[in-house]
Amino acid sequence: MGPESATILVLGFLFFFIAIGIPLAIATLSTAIILGMSMFGFNSVLLIANRLYDASTNYVLIAVPLFILMGVLMERGGIAARLFTVLHIWSARLPGGMGVGCVFAGAIMAAMVGIVGAEIITLGLVAMPAMLARGYDKRLTLGVICASGSLGAMIPPSLVLVFFGLIAGESIAQLFAAAFVPGVLMALSYAGYIVIRASLQPALAPPPTREEIEMPLGEKLALGTGLILPALIILGVLGSIYFGIAAPTEAAAIGVAGALLAVTISGNFRLSDVHHTILQTGRAIGPVLWVFLGANALISIYSLSGGVNYLAGLIGSVDLPPMGIILVILFLLFLLGMVMDWIGIAILTMPVFLPVVEGLGFDPIWFGVIFCISMQIAYLTPPIGASAFYLKSVAPPDVTLSEIFASIWPFVGLQVVVLALVVAFPGLALWLPAMLN
């Protein structure tokens, strides 16, 4: 069986399994076994087992559950609710101030949590009732929460960046630094859109109460004192990675210890919460790790078949200028994002796309950032659009999925604009890593 036949077999079985509702982890592992048995017989089982062992014993992989645990600790300690309260009070004088506060809360939570699902659910529980009770337009509220939560895919310590670094063999510290400016730019674009929209259509975002506007500066500062320690933890974790003081795994472990200290001091975390925290962390990381292992098995067998080199050569031979090939890759990522989870896309496509990207002379760190933005767009766009399903799980009964999907398109447009800027001006992603070096 040649690489062409192997490619047809992989695509056929993979999309068949996905179409009938088989979980992606099982679909990729099953496809790997079928391809391996077809090409290498029973020896392929040993190859797959060795690949799974190597993937699961990667030291950097330990950072993933630790970053998730850090975020879950802060979320269960009530820090998210206080964060939203403080930021919407501080932005009260802006048109759409509560929505702006939600965006900035989402950006800071992204640096604490790094998980889109957890962030959207938390914002849905904290910000959505407050915004709807204030009289904010339902569609604007839904879109703001989905978009703000999706920042968890972009702003460090994003799991998308961690896994991209693992797969591509690139520095996670460099990826974190490269994603920082585009992530902030994304958050500012959301906030700017809300301010402009609320200025043009004041009925969508009612003004703040007199108490919020006239609150003395001392009271505003007092509201934020409980967030000083979490902010120091975030700065310590990311700063230690950026400046090479600690590896991502070590920084994540320090972050967990700091988060545990912060929530203990806050008084909102009890001994009985430990069990729920560990359980929530396991539920968040379990599906991701299973897909990581299954896709690793598939790509190892497919690579041995010559399929990876075949596809890379096929894409690289397209009669287009280098930037045209990048746009083709982004279009393929967009299509895959409509039917697959980001972790599966990363593991299955990066061994194919990265050699092409590097062969064209592009920086893999820059490509990691535009891949991350593409996956952020995938979180919002139907039919998968995981963000909509996360929000629906905590939304009032009268909120439909169609309403949620209809609310996100302005923010998808902003994501595409930021993606275009990073593609056109790579310095937006590469400036900070160069400065830190």
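Glycine is treated like the rest: Cβ placed from N, Cα and C.
TrEMBL annotations: computationally assigned, not manually curated.
Note that the structure is predicted; figures quoted are calculated from it, not measured.
Marked as transmembrane segment by TrEMBL: 7-26, 32-53, 60-84, 104-128, 140-169, 175-200, 221-245, 251-272, 284-305, 325-353, 365-391, 411-432. Residues or ranges marked as domain 'TRAP C4-dicarboxylate transport system permease DctM subunit' in TrEMBL: 12-428.
Across the residues of the domain 'TRAP C4-dicarboxylate transport system permease DctM subunit' (12-428), the predicted structure has a mean pLDDT of 83. The stretch in closest packing with the transmembrane segment (60-84), judged by the count of Cβ pairs under 8 Å and taken from 7-26, 32-53, 104-128, 221-245, is 104-128. The transmembrane segment (140-169) is in contact with the transmembrane segment (365-391), judged by 3+ CB-CB distances under 8 Å for residue pairs 6 or more apart in sequence. Using the rule of three or more Cβ pairs under 8 Å, pairs at least 6 apart in sequence, the transmembrane segment (7-26) is in contact with the transmembrane segment (284-305).
Proximity of distant same-chain residues to the transmembrane segment (32-53), defined by a Cβ-Cβ separation under 8 Å and at least 6 residues beyond the stretch ends, is recorded for 1, 6, 9-10, 13, 293-294, 296-298, 300-302, 304-305. Long-range Cβ contacts of the transmembrane segment (104-128) within its own chain (Cβ-Cβ under 8 Å, at least 6 residues beyond either end) map to 67-68, 70-72, 74-75, 79-81, 83-84, 87-88, 91, 98, 141-142, 144-159, 162, 183-184, 187, 191, 230-231, 233-234, 238, 259, 284, 379, 386-387, 390-391, 393-395.
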